[in-house]
Each structure stands twice: as C-alpha cells, then as structure tokens.
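Q: Below are the features I grabbed from TrEMBL:
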type: TRANSMEM; residues: 6-25; note: transmembrane segment
type: TRANSMEM; residues: 32-50; note: transmembrane segment
type: TRANSMEM; residues: 62-83; note: transmembrane segment
type: TRANSMEM; residues: 95-113; note: transmembrane segment
type: TRANSMEM; residues: 141-161; note: transmembrane segment
type: TRANSMEM; residues: 168-185; note: transmembrane segment
type: TRANSMEM; residues: 191-208; note: transmembrane segment
Amino acid sequence: MCFSAESSILSFSVGMVSSILCILLGKSSDRIVGYFFGFISLMQLIDYLLWTHQTCDNYNKIISILGMILNHLQPIVLGFIVLSVNDNIPYKNRNIIIAMMIIYLIVIIPYSFEYLKSKTKQCTIKGEEHYLLWNWNMLEYTGYVYTVFITTFCIIFLHAFQKSRTGIMACLITIITYTTTSFFYKKEYIGTIWCYYSAFIPFIYYLNRCLSY
C-alpha cells in the first residue's frame, strides 16, 4: 500500500518499532494499539515483496492472496486482541464485539472467495498512476463490504477500552483515515496512504503517552 519498495520497508520498520514501544508502555490500551498496529504493519512487508517482484507469476499471486487475507483479517485480529488483552471488558461489551466479528465474517468470507476464484485479478502490479493495483478492492459490492469493514472497526473500538473517549477517538481516526484516502485516491489505490498511517499512528500515540506522564 506504499508508493515504492523503499517507502514500504521504511513504513514497516517504523510501524513495527513504534508498535513494540506501545506494547512496552504496559497498559491494556497501549498493548491493544501496539499489537494491532504491529499486525497492520505486516501489510507494508507485503507491499515491499510485491514492489520488488513486479511479474505476474505464481509468487506474485501467492503474496497478493496473503495480502488480501491479512487485510481482511484486520477487524477479526483487533477483536481477538481486545478480548485477550482487556480483562475488564463488561460482559455485554464482550458479546457485542463477538457478535460484530461474526457478522463481519459472514460478509467478508464470500467476498474473499470471489477474489480467490478470479484468477485474472490475483496479481498485484503497478497501475497507470504508478501505485500498486489492489484488485481485491475492485470486486462487486466492494463499497458495501468495506462499509461493514469500517463499521466493525468502530463498534469494536467503541467497546474495547475502559475510557469511552479512547474508543471514540479510535473510531473517528478510522473514519477520517478511510474517508480521506477515499477522497484522494481511486478505489483500486484506496490503501495507498495507509502506508504512512500504519507507521505514524502508533508513533504519535507513543509520543503522546510519553508526554502525558
């Protein structure tokens, strides 16, 4: 989702280091942010592997499929992280998170299989505008599916933290990052700016927590 192999590996490195630093802060909210953005940062490694292999062959297809799986697993991984890390979630909130994860799976599994069945769209290569073409963002019903994707994030965030303000901020950041990306880029490039979001959101979070001590 980055602009080049160099920016991909830089974003991956910054994102992983920042995520580890967040985890080391120790609080449940810190660990949720750290583990989650550490997982998201793996997408930049996928980016790097694809930028350095711009040939439509089995290797490119396998890495592209892995990228799609990592991308679509993000709300599920967030849910599992929240349920595992935060022991103080009320029973009602826990059930809401689980229910939303199930709804999301019902939507995303058939959508993902459509990508797996479409052999002609499984390669990820550079498009006319010199960004990688993420073909799983160009399937039928993409708009509806990614609305559920963002909604799942927001509902999990809103029920994940002890302080409701933290959940509201996380939800707003999710919506803002998605809408700004949608505004500036075509849907096939919609993840491009996330190259920087994934690296600098945990970094900014870490700095803010350090300054608040």
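Including glycine, each Cβ sits where the backbone N, Cα and C put it.
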Q: So which residues does the transmembrane segment (62-83) touch in its own chain, when a touch means Cβ under 8 Å and the partner is 6 or more beyond its ends?
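A: Beyond its ends, the transmembrane segment (62-83) has Cβ neighbours at 31-32, 35-36, 39-40, 42-43, 46-47, 49-50, 53, 89, 94, 97-98, 100-101, 104-105, 108, 111-112, 115-116, 122-124, 134-136, 149, 152-153, 156-157, 159-160, 191.
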Q: State, in range form, which of 6-25, 32-50, 141-161 has the highest count of Cβ pairs under 8 Å to the transmembrane segment (95-113).
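A: So the stretch in question is 141-161.
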Q: What residues elsewhere in the chain lie close to the transmembrane segment (32-50), defined as a C-beta under 8 angstroms and at least 6 residues from its ends?
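A: That would be 1-2, 5, 8-9, 11-12, 15-16, 18-25, 60, 63-64, 66-67, 70-71, 74, 77-78, 81-82, 85-86, 124, 132, 160-161, 191, 194-195, 198-199, 201-202, 205.
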